Structure formats: structure tokens, C-alpha cells
């Protein structure tokens, strides 16, 4: 029963969960802590579920040292729901209904496009020819009248990650941290809003955690749906509508696992070791493996690369994926919009998992070098 799974899951999200968490879920699935029912069938207004959601919130607060003047809420709709919720809640902070967006990849581009429905959106830098770097912040053209400045901390499709918090001159800073949430410590006080879908680093699909500063509540546009309104959800302790109870429970278990394994700082150390292992193989492959991202902006979470040359050799990449599958390594195919290969190294992916991939990459390189 306790034998580790032989399959290695490099999925970009939903992603691997810690094995011990899966065993805990399995153990409690039919009868949660002796109450006689599963969390799957538990009333969201019961005292048992109140303990679950309070525990999950407290762990978020503890692991990120969330200041007291921030609310932590659990919503549905994923990151895409927040692409709408952010402007609906915040674009009315200033009369001009405008916002600044930093667009460094597919997800921030999507967020900016969605926000255009609700106001004027200023992309703070010239459009990038390719998503392979973060434009130098000294070149950003921030609008002093913007209600907020938005960026995505880690772009899962293109493998671009911020290793700094942008200085936005006192403006309200909003961050999509879906794919590097709790992979490293973060100074929450520098942000107005942080949101993250759980299904990458902190749980299973279905719940999105939103951390919002108290003074930003109450400015939603009149047309904002109540389920997306931060003030309504915070005022109802995330119970305005039936929340994704099971996903919140799973998230609590994963947060407990992160805490027991040294917290965000320990996750950061592991992320550096794991990502460095793969980037070193890519960089020492004499151009056989190619990562298009500028070294200083490379993601520790998602490593996209091509095989054979910078544009990718389709036959080689197919062979790589087929062989990886034979070795029980799953979900290494790049996002459909960019192709190639992508290894996602979220918190639950172990150093041993990464070493298996590294050994395979070295062997594949040896087999195909001229």
C-alpha cells in the first residue's frame, strides 16, 4: 500500500501531489476523522467543514506570514475567473477606469485581453516579439492614473519567471502567482491582491486562493457578479456560494505537507536544485536541447525546451516523448500553442524524479549526437 508510485508526473497543472497526501486522502475518503461521512458529502456549513476551511486559511497565513490587514478567500473559476474578477473589483478604484498590465507570456496576455472588457488597459512596454524575457522595468511606462498594475509571476507556457517584485511607485500591485505560489517566500505586504489556482503547487483543481488587502474591498463595479466580488466573499468567509469543499480540504493537506517539509524557504532551495539540474543539461548539450528563455528570466517551475535545434525537430521530439512514456515519465509535452517539451517541477516533484529525467535526457543526447 505504501510503496511509492513508479510513475513520474511532470504535469503543468493539475500536477503531482505528494504521495503522503494522496495516502491521507485515501485513508479519510470514506470516513473523515470518524464523523461517518466523506468530505465529498459534507455540508459546507457544518462545524467539521468550518474546521477544514479555517485550518487551510490559517496555514496560508502562517506559511506566507500574511499581515492581519489582508483577507484570504477561496473562490471558484480558476485563474481565468480572476482575469475577470481583478478588473471587476479594482478597476473602479480610480475614476478613469484604467489599469497597467505587464505582458510576459500567454497568461498575462489573456488577463490583459479580458480586462479590456471593463476599462482602458495600458501595456506598460512595447509588445514583445517573443515571450523569452522580462522587459527591463526601467523602460516600463506606468500610468500614474492606473487603478492597479498587474503581472504574472511565472508564465507556465513560456517558462518566464520574475525573480523580483516590481517597484510600481506605490500603485496597487496585483499578481497572478498560480504557478509559483508557495514555491518561495513572498513579502505579501508589497501586494494589493495575490491570486493562485491550487492545482500546480498547493493542491488539486477547483479552488483559487485570493489574498486581498482590506482597503481594496468595496470598489467593485456595479455589474460585478456577487460570486466574484471580494467584499461579498470575504464578508461571508468564502461561503457566499457553496465552496469547492474537497479542493479546500486537499489544499489544507498539501499546505500541512509544505509546513512539515520546511515551508516556503525549503521549497525554494529544492526548486533551485531541481531546475538547475535540468538547465545544466540543456546548456551543456551543444545546442541539442534549446531553452529559448533568457537565462536571467528562466522559470524554476516550468522548463520549456526544443530538441535538435531552436525550432525543434518534430521526429526527435516525438521519439523523446515516446521513450519518456516507456520509462513512466508523464506529461512532458509542451503546451499546444508552442509545442516542444516542457518539464514542470512543482513542489511535489522530488529531486529523485528530476534525476530520472536528467539521466534520460543525458542518455537521449548520447544516442542522437552525431
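Note: Cβ is positioned from N, Cα and C throughout, glycine not excepted.
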Feature N6-acetyllysine, as given in Swiss-Prot - residue among 71, 94, 269: 269
Which candidate, of 117, 311, 333, Swiss-Prot gives the annotation N6-acetyllysine: 333
From the candidates 33, 274, 318, the one which Swiss-Prot records as N6-acetyllysine: 318
Integer Cα-Cα distance in angstrom, residue 176 (pyridoxal 5'-phosphate binding site) to residue 318 (N6-acetyllysine): 32
Around the Cβ of residue 323 (N6-acetyllysine), the count of other Cβ atoms that are within 10 Å: 14
Other CB atoms within 10 A, centred on residue 318 (N6-acetyllysine): 12
Neighbourhood of residue 200 (N6-(pyridoxal phosphate)lysine), C-beta criterion under 8 angstroms, separation at least six: 12, 13, 14, 15, 156, 178, 179, 181, 301, 344, 346
Pairwise C-alpha maximum, in angstrom, for the residues (44, 45, 335, 336, 342) that bind O-phospho-L-serine according to the record: 41
